[in-house]
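Visitor: Before I ask anything, let me first share the structure, which is written out below as structure tokens.
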């Protein structure tokens, strides 16, 4: 078998708890991050992404401890994102046991940070997270724009061009979230996923909107994503990782079963 | 009954020390020491060379601590069981083309080059790939059809087939594991490859014990 497509459960962590909201509001509690990570590891998750959605620096310390606790027990790759703004932030997370870091807003305000981070730590651990929203009207050619602050602030940046720029600066992977779809359970925005997958040579992780297992299949086959990220369908035990893998495998996708 | 080994996990400012320490702790039989100290390294049974980042920086860091000379004595003269992981494996070779032309440790003949893959194969090569065994070896035999390990890299080693233990199919044959005498290299991350990774680490230490006492 060649390279398998990946399923990545995502832990949005606020104040030391896994939470999940609809389009970043209406938050529900989904448990203790270490316990949740262990469960996904046992179910055969290919990686785990940990998104720190708290803003305060006190909570940042909690995050470091949590990453340490997860890395001590879960022997699959761990990506940590949220609030990564400096090389020092990256160093702390890697030292705590993260394998990759996700850079989001900081890349928008200072694209050179991506270059600096990739040169210092290597492209293989720099994931640039892109939050995109469709801005073209019905009937117009498709166009997606980068948004920051949980999808509230437009930046005027074209999402596909931005992804290419991030890869040129050294991003080793793109985590693409559709802000229109996030939390809706209506499936990935396959248009933007495919547009970015075809525009860059690094792996693309599709995120935002998974409501059932067919959505994961669509993300890989139609969206051409290399990995699919989902949160709530796994957190609330609607589906196990194993079921998701079996469904994707049955659809002809190479999976690690 | 296995005997506990002293593992010198080489601390030269590049990378995933914590994850490797976690795995060795999880296996539980061996003592692991994060170190760049010549005396401590000399007292150890096993040399463990981790590494994440760029080849040139890694060699610069090793030389700045005189570790290239210290480790070469341990590896080539004292013949200690040695393992390099990911970038740590690439450092075992003579040269790398990553970001210029850099000299490596040269413990295994060969060089490191960019993954020049057919169209449609993404670089970095990130994710789980099944190993293809190139020759019998104590580390991966019998893992079965699901012999998948986690890779994340943009460069790989090119060497004579006699040193090649395993490859993966990613648009071409990509070097996954190598061995020359007491020196073993793994391009993937056993410390991040779940059950298979833990099993491989256990087998490496078992091999190291046998090698030490042979």
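Including glycine, each Cβ sits where the backbone N, Cα and C put it.
TrEMBL feature annotations, pasted as is:
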{"type": "ACT_SITE", "residues": "A:12", "note": "active site"}
{"type": "ACT_SITE", "residues": "A:131", "note": "active site"}
Visitor: Cα of residue A:12 (active site) to Cα of residue A:131 (active site): how many Å, rounded?
Guide: 15
Visitor: Tell me, by DSSP, whether residue A:12 (active site) is helix, strand or coil?
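Guide: Note: residue A:12 (active site) is in a strand by DSSP.
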Visitor: Any idea which of the active-site residues A:12, A:131 has the thinnest Cβ neighbourhood at 10 Å?
Guide: A:12
